[in-house]
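Listed in TrEMBL for this protein:
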BINDING   B:68-73, B:102-106, B:126-127, B:K139, B:K148  NAD(+) binding site
BINDING   B:E181, B:H244, B:H261  Zn(2+) binding site
DOMAIN    B:64-176  domain '3-dehydroquinate synthase N-terminal'
DOMAIN    B:178-322  domain '3-dehydroquinate synthase C-terminal'
2 protein chains.
Amino acid sequence: MQMLTVDLGDRSYPIYIGENLIEQPLLEKHLKGRQVMIVSNETVAPLYLEKLKSQFSAANVDTVILPDGESFKDLEHLNLIFDALLEKRHNRTTTLVALGGGVVGDMTGFAAACYQRGVTFIQVPTTLLSQVDSSVGGKTGVNHPLGKNMIGAFHQPVAVIADTDALNTLPERELSAGLAEVIKYGLIYDAAFFDWLEANMDSLRQRDQAALTQAIHRSCEIKAEVVAQDERESGIRALLNLGHTFGHAIETSQGYGAWLHGEAVGTGMLMAADLSARMGWLCRDDVARIRDLLIAAGLPVVAPKSMTPEEFIRLMAVDKKVLDGRLRLVLMRSIGEAVVTDEVDPVLLNQTLTAESNLGQI
Amino acid sequence: MQMLTVDLGDRSYPIYIGENLIEQPLLEKHLKGRQVMIVSNETVAPLYLEKLKSQFSAANVDTVILPDGESFKDLEHLNLIFDALLEKRHNRTTTLVALGGGVVGDMTGFAAACYQRGVTFIQVPTTLLSQVDSSVGGKTGVNHPLGKNMIGAFHQPVAVIADTDALNTLPERELSAGLAEVIKYGLIYDAAFFDWLEANMDSLRQRDQAALTQAIHRSCEIKAEVVAQDERESGIRALLNLGHTFGHAIETSQGYGAWLHGEAVGTGMLMAADLSARMGWLCRDDVARIRDLLIAAGLPVVAPKSMTPEEFIRLMAVDKKVLDGRLRLVLMRSIGEAVVTDEVDPVLLNQTLTAESNLGQI
């Protein structure tokens, strides 16, 4: 087992990474009181719920099972968690435990942020994407029909368990979606890690446990470093949004769940790379390397053909990165170095949107 | 105009108190960006919305008008605020302004806490209750069918305006409800203020502006002192809940809105006083003084006859002050000194609940 610490002063917390951790007694010491509410979904609960419950021998454990999917990440389904907490009379010392992917983690964390104005919570992410991204850093929330993650809170967990065994039951498409965020860390922060990913992508897709552990560890390490520097995203943390403004537009346009978040981010990162090249910041060879690695990871690299540049721009305009009407994007200076800019040339942006909307014109 | 500061370090903020403040240009300097969303209700908006709008000459002002009443303080109506923010493309630099009573303030504050994970907000309370209580201190939230204020956040405003002119349009019953919270400050913190209230209750009910200004100022001052010492309610702030555990049970039992919050708190404070006397902490004469002042303020002093002790205890058990199954109550050592205790004798509590449930047996 490996352990990292997300360093946030008196809100610091550990991330445990390794094989078969769900059954190990790691979490009881992190509980605030004796009440535990495990939140999971219909897909993950049959696989891991009983194993996880066995950790909490001295606590009163209740459960909520949500339907599986991004389309249920809304206020209505969030309310199912509040219903369960109140029906079972959970008080301010309860601990919520998220067992599942990013949707379960985001919803559980947001429920914990709001229930009685804030209770303790723990993340047990079971997808690669949530292990390397959403379970670390304290961003929680739900979607609104008019925008993704528009309703939420910053609320840090007290512990995260990333069990690599859980990835053995992950569908291939979701493994690829998680790899998109892994690639992101190389692109924004660590060129050597990007090189390593080029060399090890096949092993990762074959679920080699050692390779996965290394990829998860380095990804969480980078995310923890960035979050510790900028918890509330006033500066460097925005770099973690590489590909996300384009990606959110794709997700909103297609309806939540049609494209997986990681898939949309993967294509969005390539669009950001393309635009970075048009801005004269990134060389075309690097764009090609990024594209090749995304393809090697099993990810789509072309935005939906149905999306016009106008639709992209309209949907990107409601993104949280927009400040006072000015579009802000994360772009790349080189592989391993990203920057936030609000000086995007609309003509070049339009070229990127046009190119990406048409298969093969990248 | 008087001004107080709630001292919370880099989240400190001013409270402006006085006549005719809604129209004065006090707020523009507190805006974060150029977008403003005023949230009000159907009763208050026709009276003050245009006046308030005139303050924001340089901003883009949008509005949401909610139905009036505690029964609409839920997730469904909260979502109307998010709908408006997203439809009008408000970004992270928007400022939400609550114009109305406690329901509007709590909902607007919670919407501001959650929209894009937190935006700026301002309170313009138009009821006595919200001027002396809910607009100060950063508690925000909505109700759940199984419990009041169970879903919420701590989110401080950047400014509060308490315009005493607004109280001239307040129904008498709501003025009385506000006086319950004013009396509370005397009971928990300031015996001399309680004496002053006994001497000035008639002037207050006749809406003497000088008396009202003094009562609001001292109430906000006490609340600001308490909140500055304990923003997250881990200690002394709990004293502000005097009467609230009993009161919330009444509100939940009768359906939100049947009893006004201040009415339920007033009766709840008398129940707390009665129990304090049974515990041997408060003398019977002081209980009578409290009862007389509540009656002078135009408040009910007997819980609904339909409520049994069993119903009270069941509803009090879901109150947020319950820790690990132990009922915690705010009681009084004397007028002007309150304490939090989890050592309530169930027999004495039952006597209080029985007495209070039967007219005239106090």
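The backbone N, Cα and C atoms fix where each Cβ goes, glycine too.
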Beyond the site residues B:E181, B:H244, B:H261: chain residues whose C-beta lies within 8 Å of the centroid, for Zn(2+):
B:L129, B:D133, B:A180, B:K184, B:G243, B:G247, B:G262, B:A264, B:V265, B:G268
Residue from B:E181, B:H244, B:H261 whose C-alpha is spatially nearest that of B:V104 (NAD(+) binding site), among the binding-site residues:
B:H261
For B:E70, B:D106, B:E181, listed as binding-site residues, tell me which one has the smallest number of other Cβ atoms within 10 Å.
B:E70
Using Cα positions only, nearest of the binding-site residues to B:G102 (NAD(+) binding site) (B:E181, B:H244, B:H261):
B:H261
Between B:D68 (NAD(+) binding site) and B:H261 (Zn(2+) binding site): CA-CA distance (Å):
14
Using a Cβ-Cβ cut-off under 8 angstroms and a sequence gap of six or more, which residues of the chain neighbour B:D68 (NAD(+) binding site)?
B:N41, B:E42, B:T43, B:V44, B:G100, B:V103
Taking DSSP as the reference, which of helix, strand or coil describes B:F72 (NAD(+) binding site)?
helix
Number of other Cβ atoms within 10 Å of the Cβ of B:H244 (Zn(2+) binding site) across all protein chains:
25
Could you state the whole-number distance in Å separating the C-alpha atoms of B:T127 (NAD(+) binding site) and B:E181 (Zn(2+) binding site)?
12
Just to confirm: which same-chain residues, 6+ apart in sequence, have a Cβ under 8 Å from the Cβ of B:F72 (NAD(+) binding site)?
B:L66, B:V103
